[in-house]
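Enquirer: Quick one: the structure is below, and I'll ask about it shortly.
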Amino acid sequence: MLRLLTIEFHKLKHNRASKVLSLIYFGLLTSIALIAAIKFEFGNFKLHLADAGIFNFPYIWHFNTYMAAILKFFLLLVIVSMMANEYSYKTLKQNLIDGLSKKEFILSKFYAVILFALVSTIFVFVISLILGFAYSDYNELSIITTDLEYLFAFFIKLVAFFSFGLFLGILVKRSAFAVGAMFVWLIIESIFKGYLFWTFQNAENTTEKVNRIMQFLPLESISNLIKEPFSRLNAVKSAANMMGETFTKSYAVEFSTILIVSFWTFIFIYLSFVLLKKRDL
Amino acid sequence: METILSLKKLDKKYGQVHAVNNLSFDIQKGNVYGILGPNGSGKSTTLGIILNVVNRTSGEFSWFNGKLSTHEALKKVGAIIERPNFYPYMTATQNLNLICKIKGISTDKINEKLTTVNLFERRDSKFKTFSLGMKQRLAIASALLNDPEILILDEPTNGLDPQGIHEIREIIKEIAANGTTILLASHLLDEVEKVCSHVVVIRNGVKLYSGRVNEMTASKGLFELKVDENEEKLIELLKQHSAIDKINKEHETFIATLNTEISSTEINEYLFKNGLVLSHLVKRKPSLEQQFLDLTSNN
């Protein structure tokens, strides 16, 4: 495993585009901290985000993982190009001739994906911890360690998303088209969702029924892992309450979603392997 | 003798195209083999199959008597196919470093091998700045990194200028002289003739011949003859001679193919006694080119 990782790392560390994108990604992750500096002042209305409770433990785990996950597209480019480049440089063929098995080849990419996700997760953990200690109203250990499953969900989310990118990279062999294919797939899922809404328009609990089906689709399940944290914020909640709206939404990380997403991850990696095995290079 | 590679009834179909057809041969340690065939005859496909990048349709092949799985065996093999494929953004040394990691060997030999192929001065230049000849030489260096049991070369001089061709051939000869087993695919006859001891001839994926280069046809040789006049009489006399199989005319020269071994003296004497004086007489073995064309067109 270490051998495969060092092989992959060797390929990445000399590639300027990958290095720059990774640096931008981790730079942007760090910049989550800058949210703390956001202050709005409209006459009497003052909003200082850091004071609004977004950095309170345990809410910070939810908020930061959600924000950090948006940045995953930068790493997607790295992942997809690290796969597609092997085709365009024909180095995949050379790697196999040099004695890497097809299984090892896929595994080396998958290990790299896991490593990227792991480093991102640790990064987010450390930043959240620092921000939390700086701004949180509650610093008891029991509160800090609550809701840590968001970090786990974040990790699973990245692994699944990048595995999808890896698979598309192998499938279409060109980085730009692979990213395009992911976008096309997103549109397909959206159209399907629209179709479901149309089908169930007369039924009771339309949204619930649609979601029950949609939760099994790859991108939808990946985005379901960490739900939007904004309506959970006390400030927003109380504002909504004043207007007579109540939220009864569950924000928890669902175990079933983790299962579905892990299943997709397995499918993507396994299909990549099958595809590589069947192809003549 | 130790068998390094053995192919048994290997078959590959691309849809309708039968690229490799029931191909069997063995590679023994210490010999230099040539796979000879016209373009599109299935040479590269055959090499692709044994190198794990093309899936076979049926048949078997085994490395080192089947003691190792294919990808483990490939770590002991050095191979370059068609075009040199390296990471363009890495330098020569970085590329070779990566190959050492894949093969699981130490990086000690990188400089030595770069020197062998005259690339030591350019070791820190990026691969994308290399000329085709340099790329091909880097490929050879990479194939030599593990001091391979067998070196597989697919059209190693394709697309190179005369100087590049010469350099590559010198390197191959040097490697062969060290006792490394070599398998060389080529459509260039003189390349095979100059370098190889054994040859496998294939056309349309079918094996036409395999064995030693100098035994490729069971030919007794041929005569080239010329006369200043009386050509009809020459043909007449040659036809009457029992040792002569057939007579062809190429421009001014007659080619008489033999079915039994006779010397130039004998044929000269025979013709002179019958009142014919030759202006030109040479006995020679058919060139590999002729044998190759015979094999690939007649079968």
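The chain as shown is numbered from 1 upward.
Yeah, the Cβs are placed from backbone N, Cα and C, and that goes for glycine too.
Remember, TrEMBL labels are computer predictions, not curated facts.
Quick caveat, the model's predicted, so the values are computed rather than measured.
Straight out of TrEMBL:
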TRANSMEM  A:20-40  transmembrane segment
TRANSMEM  A:60-84  transmembrane segment
TRANSMEM  A:110-135  transmembrane segment
TRANSMEM  A:150-170  transmembrane segment
TRANSMEM  A:177-198  transmembrane segment
TRANSMEM  A:251-276  transmembrane segment
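What does the local environment look like for each feature on the list?
Expert: A Cβ distance under 8 Å defines the sequence-distant neighbours of the transmembrane segment (A:20-40), meaning residues of its chain 6+ beyond its ends; these are 12, 46-50, 54-55, 64, 67-68, 71, 74-75, 77-78, 120, 123-124, 127, 130-131, 134-135.
Counting same-chain residues at least six beyond the ends of the transmembrane segment (A:60-84), those with a Cβ under 8 angstroms from any Cβ of the stretch are 8, 11-12, 15, 17-18, 21-22, 24-25, 28-29, 32, 35, 54, 109, 112-113, 116, 120, 124, 127-128, 131-132, 136, 147-148, 150-151, 153-154, 157-158, 161-162, 165-166, 168-170, 172-175, 178-179, 182, 226-229, 232, 251.
Sequence-distant neighbours of the transmembrane segment (A:110-135) (same chain, 6+ residues past either end, Cβ-Cβ under 8 Å): 1, 4-5, 8-9, 12, 25-26, 29-30, 32-33, 36, 50-51, 55-57, 60-61, 64-65, 68, 72, 75, 78-79, 82, 144, 151, 154-155, 158-159, 162-163, 166, 269.
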Enquirer: Give residue numbers and ranges for long-range contacts of the transmembrane segment (A:251-276): same chain, 6 or more residues beyond its ends, CB-CB under 8 A.
Expert: 62, 102-103, 105-106, 109-110, 149-150, 152-153, 156-157, 159-160, 163-164, 166-167, 170-171, 215-216, 218, 221-222, 224-227, 229, 232
